[in-house]
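J.: Below is one structure. I have some questions about it.
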Amino acid sequence: MKLLIDIGNTCLKWASAQQGQLSPQQRITHHGRDVMPSLAEHWHALPIPEQGVFISSVAHPLYVQQIRDFCQQQWQCEPVLIRSTAQFGQIRSAYPQPERLGVDRWLALIGAWFVLEGRSCCVVDCGTAITLDVLTSDGQHQGGLILPGIGKMHQILAQDTHALGQYHRDPPPLSPDSPLLANHSQHAIQLGIYYAVIGLIEHVTAAYSADPLQLILTGGAATLLRSALPTHCHYWPDLVLQGLLKASELQ
């Protein structure tokens, strides 16, 4: 068994893998807090990961060190920290300094390549930040975009606008009958943020009309947008862990 761990800016996710198959993804939020007591409760019941522990992290190094200490004490194993590279199989990074590409983005691209069997794709990860990356069928990463996540956009408006701060709350998902325009400030904020993200996705995918992109969503806030995106949109909540599983096979 392998233990695969993805440490994001807000959430920590993990799954075990046996014979190339992932268990259902589990997650806890950390928000910069110590989560080891909670993780220990979950992980004490796991069998020994005799095939290794593999970590992807964009969070503070303290989290990796805490997990490393736990693995050494609990299972006497040293976790492997996966990093972005210039190339993985046929996939080639667009970054001239590939190590500067967030490892979550890199692993999501690897996951998408295998999930979509090498078809051109646009990978959108809706987390604390929203990242968008394009990968064409020749394996070339074309580059990407980063913008604040849906929650962060709400938070920024709440912090910096007195009158609109009262409307900061968890937004509901878009639905097929959501209006184009709102007649209430709370709805205007929610729809404005959603349509800004959707407009960005549509703008990028339209630029690749000669080589149509499969759209694949991941991340905790992706469910808020799914219903307003094309029906052929793929939703893969454990996409980063899928990529981490593939990356672990070369270690």
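Cβ from N, Cα, C; glycine included.
Just so you know, TrEMBL annotations are computer predictions that nobody has curated.
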J.: For the ATP site that TrEMBL describes with ASP6, ILE7, GLY8, ASN9, THR10, CYS11, LEU12, LYS13, which of these is also annotated: THR128, THR131?
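T.: Looking through THR128, THR131, the residue TrEMBL assigns to the ATP site is THR128.
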J.: Around ARG105 (substrate binding site), how many other C-beta atoms are within 10 angstroms of its C-beta?
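T.: Taking all protein chains shown, ARG105 (substrate binding site) has 24 Cβ neighbours within 10 Å.
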J.: Out of THR10, THR128, SER185, which of the binding-site residues has the smallest number of neighbouring Cβ atoms within 10 Å?
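T.: Each of the binding-site residues THR10, THR128, SER185 was scored by Cβ atoms within 10 Å; lowest is SER185.
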J.: Within 10 angstroms of the C-beta of GLY102 (substrate binding site), what count of other C-beta atoms is obtained when all protein chains are considered?
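T.: A 10 Å sphere around the Cβ of GLY102 (substrate binding site) contains 20 other Cβ atoms.
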J.: Could you state the CA-to-CA distance between VAL103 (substrate binding site) and THR10 (ATP binding site) to the nearest Å?
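T.: Here the two Cα atoms are 15 Å apart.
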